[in-house]
Amino acid sequence: MSFFNFRKIFKLGSEKKKKQYEHVKRDLNPEDFWEIIGELGDGAFGKVYKAQNKETSVLAAAKVIDTKSEEELEDYMVEIDILASCDHPNIVKLLDAFYYENNLWILIEFCAGGAVDAVMLELERPLTESQIQVVCKQTLDALNYLHDNKIIHRDLKAGNILFTLDGDIKLADFGVSAKNTRTIQRRDSFIGTPYWMAPEVVMCETSKDRPYDYKADVWSLGITLIEMAEIEPPHHELNPMRVLLKIAKSEPPTLAQPSRWSSNFKDFLKKCLEKNVDARWTTSQLLQHPFVTVDSNKPIRELIAEAKAEVTEEVEDGKEEDEEEETENSLPIPASKRASSDLSIASSEEDKLSQNACILESVSEKTERSNSEDKLNSKILNEKPTTDEPEKAVEDINEHITDAQLEAMTELHDRTAVIKENEREKRPKLENLPDTEDQETVDINSVSEGKENNIMITLETNIEHNLKSEEEKDQEKQQMFENKLIKSEEIKDTILQTVDLVSQETGEKEANIQAVDSEVGLTKEDTQEKLGEDDKTQKDVISNTSDVIGTCEAADVAQKVDEDSAEDTQSNDGKEVVEVGQKLINKPMVGPEAGGTKEVPIKEIVEMNEIEEGKNKEQAINSSENIMDINEEPGTTEGEEITESSSTEEMEVRSVVADTDQKALGSEVQDASKVTTQIDKEKKEIPVSIKKEPEVTVVSQPTEPQPVLIPSININSDSGENKEEIGSLSKTETILPPESENPKENDNDSGTGSTADTSSIDLNLSISSFLSKTKDSGSISLQETRRQKKTLKKTRKFIVDGVEVSVTTSKIVTDSDSKTEELRFLRRQELRELRFLQKEEQRAQQQLNSKLQQQREQIFRRFEQEMMSKKRQYDQEIENLEKQQKQTIERLEQEHTNRLRDEAKRIKGEQEKELSKFQNMLKNRKKEVINEVEKAPKELRKELMKRRKEELAQSQHAQEQEFVQKQQQELDGSLKKIIQQQKAELANIERECLNNKQQLMRAREAAIWELEERHLQEKHQLLKQQLKDQYFMQRHQLLKRHEKETEQMQRYNQRLIEELKNRQTQERARLPKIQRSEAKTRMAMFKKSLRINSTATPDQDRDKIKQFAAQEEKRQKNERMAQHQKHENQMRDLQLQCEANVRELHQLQNEKCHLLVEHETQKLKELDEEHSQELKEWREKLRPRKKTLEEEFARKLQEQEVFFKMTGESECLNPSTQSRISKFYPIPSLHSTGS
């Protein structure tokens, strides 16, 4: 065991060294260097504090993040590295970073102006186009710098664009940004904020096949521009997770009101919001667009000055209005007054609130509907004595309007203070409207008063046709006239409205709106004629125009019996708010009683800012946007609920009148939005012209009930949702007549007046039948809202270019504001939850990627090790074989050498013996010759001896030489034979060794090929498993997102159910009070009708009263049952809707899961195909490798054979020469032998 393993087991040595980061200081307390001086907010991953450097006093935003481990610290290093590496005037700078006690402190440059979205919410309006241009230009510069440095921001939105006090912007929050290593590198992470996500980023939720690049930021920039133009991004009403499907499948979003914006702006958005990534412009291209050719940041400096201005708030309650209502409710009921028959429920305020129609009006009205307008006009003309004084009042008011407006225009350049009119000046005389320097008063309701009187004339004419006594008619006229005088005094309170004049035309339009609304039967031709004249107004509005708040106050004359009845038939306070500049006109949505004659005062407060006289005239509507919210869901506001119980007759008449009023209202509000007050050095005066409205004409009702188009306009001043261009009421509610309610009453209401002669009970039931249909649908909500409502007045004072400017805005604080704030808070919570989820997913993805990369590295290392091991094994075997062969050859050679030596010695010994024998034989031959010579004669003996010796010597020498040569040849032959045998043996051994070596090499290559194939299989299995792991994690993350989405949906549904339960509880609690008040009113009206038509005896009257009381009790019981049934239906419908939403959500989730599974199957199939192709290519390359190897083996065998053949032929080619071995053993020559 090595020492390191030993140390690991016993945990010896130091702990793992902490990783050091370049820009993060460790083990230093940041509070030693920075002082916390305040809290800026609570971010998604920690709190953000305002800090100041103790040495340099530099301010910073300190983001403190609690990190539980070093691994979590890694998640924030990308953000810190990006902040540290960026040096651009439009990107926040990193000032310091600490890691201390498991807290990561990131201190970045402090931007005192705050985020763009926070500024819009503070000012309660979007940015103007000039402001958007500056923000867009500087943001583009920052993005271009980031993209040039290979950085994708991935979370661009208004909340991450910060203002400085100098009017510049800085891009912040790089928490989910990506820093690439290559310019063309792409990303496939599903990360960012849903509303601003590009479609290609959304697609990465289920498919990683099409990664995205830097152009994803360009899409987010386009969405951010829409957000700055409309306060909220597109699809903001959707759940953060459900919006993803909308982005992926729908067309690119556009501006809600395109006509308000320049063509350059719209073209710029089109270039940004291009779903085709290749066609989408880059930041460098967008910088050349004419929309961003701006240099001055003055619009932003003005915006910041206003946002950071000193604000004084004043909260005003509506107590005075309640007192007026109580006074009105305490007035005596004229004999000629009675509950109206709901002639129309068009969207006018007077039609919704006034309910003082003449008695018997419904029947006579029905009779007269079939008549022509000429007859109606003639009846109106016949009533001149009744209308003289109101007409004079109208003329009087018009004169005062002109005076007040002219005086206002001459003094408009002075700073104007807003003075609350009704609280300080109670009941001034109608003939003496005050014209003061501090309070310009404009009577915008005088025309409406005249029209109201016309309606009253018509209704009184109808009364005269149905009454039988001239005395009773005179009494009614007298009471009517007295009531009008009282009403005129009341109207004086409400029409004396203090107006810091926006323009004379604005007041005119408001008057026109009221006049149109008061004329129930106004024909379309008259309306169009009036609109044609009114459309000639200017189209600029001063920036910083303060809010105008119109409130509707009225009480039904039929409800003036007691204070309890004051809550009966007040229409709903569903507000129609149209913002012109910063102008709000609150109008109830739908009213239950529309045919009455009571004038509805409109309280209109316009507060004018002090504006530099030499200021550019073209500063227009840009600083205060026109906003119109159009709700398309019926029943979402209390005012809309009224339509559920309205009668068929109401629908029939309303279908015409509402259409007329809609057109008039739409066009006039549009005109009002274009009005401007231009203040230049010449102080031009604007002439005043208020037109009288044409006389009232009643439109004959259609024979069939028609759908009613009622514009449901609701402004949310905080959110600015569903903005529409003012005047273009493109979205309306289609309200169909309720066919299932009281078919008998429908027949009665659509009759021709014959019911007037039958009985007073039936008559009164017919008249009052409409009243019961609207009580349970929130008819007193306006009054309750008025009691609860408060007006919040904000005054901002700031200095722009050395000029002090004061902007005063008024806003009615209602429950909807708190609900909007609550919804915004909940939406922020949902986005924060999503951000946490994305951070966890990113961390899990990084961990998985690291794990998979480690697995790949490990398997590739193992492959390499196995290959090296296998090669080493066979190389070792071959080496051993070669070593063994070498040793064998050496041993054989040694053996052969020894054998050759021994054989040569043996042969030499034998030859020496034979030579010795041969020499002995020659000696003996010599002796024989001597003996022969001795036998010869003595004299011849000497000579013969000599001759015979010479002959013998020559003969013996030749024989000996031949014998020795023969012996040498025999020796060489024997040795050569031995050598040949040795060579053959060596050749065999070498051939065998070569064969063995080649077999080993074949085995080595086969093993390598097998190993390669196995590695390919294992690599494929690993990649397949990794792909499954990746998709498993994607499915897991998708399911977690779906769980979170389902949880949010359930919370949302639960909120809806709770709201409905609370509303129904309030309605149930209100109903008994409404019924008691209504019962008193109806009983009083019934008794009065009995007194007027007193032809029966007192007993009969008492019986009728009892019968009426029984019918009333029955009717109230039916009302309670109808309300109960309605509540059950509402709850059932809501539950069904919630269930449908959940089903739809689950369906979308299942589609996403199915899509993910499809992608996984497709990727696995592609992986298998890639593996098959790779294996096929490998096998195709394997054949040439085998062939090459065999050819190499054959060549080596051939070379070996040639070598040994040549060696065999080269040895002993000349037998006469001594062999290589025998020459070392020389044969003794003749000289060595003695004689």
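Placement of Cβ uses the backbone N, Cα and C atoms for every residue, glycine included.
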Name the residue among SER469, SER571, SER719, SER754 that Swiss-Prot annotates as phosphoserine.
SER571
Where Swiss-Prot places region 'Disordered' among the ranges 519-539, 771-791:
519-539
Which residue among SER448, SER717, SER740, SER818 does Swiss-Prot mark as phosphoserine?
SER818
Could you let me know which of THR569, THR643, THR1046 shows up in Swiss-Prot as phosphothreonine?
THR569
Where does the phosphoserine label fall among SER330, SER759, SER869, SER1210, going by Swiss-Prot?
SER330
Hey, which of THR367, THR637, THR752, THR814 does Swiss-Prot call phosphothreonine?
THR814
The coiled coil (826-1069) [mean pLDDT, rounded to integer]:
86
Hey, what's the Cβ neighbour count for SER818 (phosphoserine) at 10 Å?
11
